[in-house]
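Here is what Swiss-Prot records for this protein:
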type	residues	note
TRANSMEM	33-53	transmembrane segment
TRANSMEM	56-76	transmembrane segment
TRANSMEM	106-126	transmembrane segment
TRANSMEM	132-152	transmembrane segment
TRANSMEM	178-198	transmembrane segment
TRANSMEM	209-229	transmembrane segment
Amino acid sequence: MRLKGVLALFSFFTAIPIKSNASLEEIAEYSYISPLIIGISLALIESAVYVLLYRILEALAGIVLLGVVELLRGFNHLDGLLDLGDALMIKGDRERKIKALKDVEIGSGGIGLLLVYLSIQIVALLKLGFSFYTIFYLISSNVLSMTIGLYILSTISPIPESNLGKIFHNKLKGKSTVLLFELIPFISLYNIIVFLVFYMIMHKICRSLGGSSGDIAGASITLSFPLFLLTNEITNLNYSLLSILCYLFLHLH
């Protein structure tokens, strides 16, 4: 595994200032490990920031964390969410929807989907609270959301207009099983249901657009993160390997 390709994942998926001259093909080749490397790294940073903010702002720390979450991601996935929202609002043939997906202007559909995301995200972050489990909620949610975005790219053929989608699909189409195995320590019984339902919805959306794309993957990562986080908080990560390890740690020390 080349270090250059791994480090390039940080510059591609986040705003963390790591210089890399890796090509898009090299980034796509190693992207299957990004849920573990990038997802866990982001969760650790978010957890550290949240702990510091919570000491000052208490419950309101979640609102500030919203900005931190998007800032760490460089707002890249948020752009995909806005584009997908515009495409979903278009009535008519596929060409018009693709035009809206690739258009740089933001329409009412993009704003609407953004409001949906912000509503769920704010509720999830306000409910985060402060406990031993907080870091594990964030780790699980980051890993799961990144995985579902990449899993969509690996299992659904890209639209002809998406160069990024083609590159990632070619590099990931043999890695879908690996992506699912990476989930095992982090996914609970309840999040399996969320994962499957979310994937089926996105699969239907991809069919209406003619395939997957980088924008669709980015939108999936963005929108699924608060859903997984909220599920983790409500269920306390029950029936997951992480929850078992947490239980053993708390009761054996």
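Backbone N, Cα and C atoms are what each Cβ position is placed from, and that goes for glycine too.
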Open item on the list: Pairs of Cβ atoms less than 8 Å apart decide it: which stretch in 56-76, 106-126, 132-152, 178-198 has the most with the transmembrane segment (209-229)?
Closed with: 132-152
Open item on the list: Give the nonlocal contacts of the transmembrane segment (106-126) in its own chain as ranges (CB under 8 Å, at least six residues past its ends).
Closed with: 59, 62-63, 65-66, 69, 78, 81-90, 100, 219, 222-223, 225-227, 229-230, 233
Open item on the list: Using a Cβ cut-off under 8 Å, which residues of the same chain at least 6 positions beyond either end of the transmembrane segment (132-152) come close to it?
Closed with: 13, 31-32, 34-36, 38-40, 42-44, 46-47, 50-51, 77, 168, 172, 176, 179-180, 182-183, 186-188, 191, 195, 198-199, 202-203, 206, 212, 216-218, 220-222, 224-226, 228-229, 232-233, 236-237, 240, 242-243, 246, 250
